[in-house]
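Below is one structure, written out as structure tokens; comments come after it.
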Amino acid sequence: MAAPAVSGVSQQVRYFGTSVVRPFAKLVRPPVQVYGVEGRYATALYSAASKQKKLEQVEKELLRVAQILKEPKVAASVLNPYVKHSIKVKSLSDIIAKERFSPLTTNLINLLAENGRLSNTQGVVSAFSTMMSVHRGEVPCTVTTASPLEEATLSELKTVLKSFLSQGQILKLEVKTDPSIMGGMIVRIGEKYVDMSAKTKIQKLSKAMREVI
């Protein structure tokens, strides 16, 4: 019984992707594929927004939607599974009217509500943000250190990391601190992962010593 429901959702998502653009228009595929229910909704929205040249506008509106849904009062009325559907629809209608979202964003919200998928909204926003990040040529990079880096060291690190990027790519750097790594740093850039932490070095040394003994 579950398969037809999923199929129905997929059909509605595909319909959403073409309902606001001319019929039979070719689907614009996002620069990166995101799987799951959230990925299907985000892909349909990306295609529709791309055709209307409103990707940036929709991205801003989705971030606003995510922000609104985090508000306790809104979450209590919209995301609570025990609240009647009619009340959720009324709350969403009020929000849409107040924010004056574009038809693209409005259609997405209404479709999520209709399919009982409002709990997936944050995931859809995240998936769409990922697509937009790749669309802009951004390369995510996370650097974890035991203590905050000095400004000069951070500047030097950025220069080194940028040297690994291709032309047109943009470094999207996030620096975190985690005292448990004890020293050194852990770098994740794109699909690459390099662990130069003191903690890992100590673990490797400990393992090597045990093997010798």
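Heads up, the Cβ atoms here are built off N, Cα and C, so glycines get one too.
On a predicted model such as this, the values are computed, not experimentally measured, just so you know.
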Pick from 5-23, 24-42, 157-175, 176-194: which range does Swiss-Prot record as motif 'SIFI-degron'? 5-23
According to DSSP, collapsed to three classes, what secondary structure does K54 (N6-acetyllysine) have? coil
Secondary-structure category, per DSSP, in which K172 (N6-acetyllysine) falls: strand
Taking the Cβ of K172 (N6-acetyllysine) as centre, how many other Cβ atoms lie within 10 Å? 14
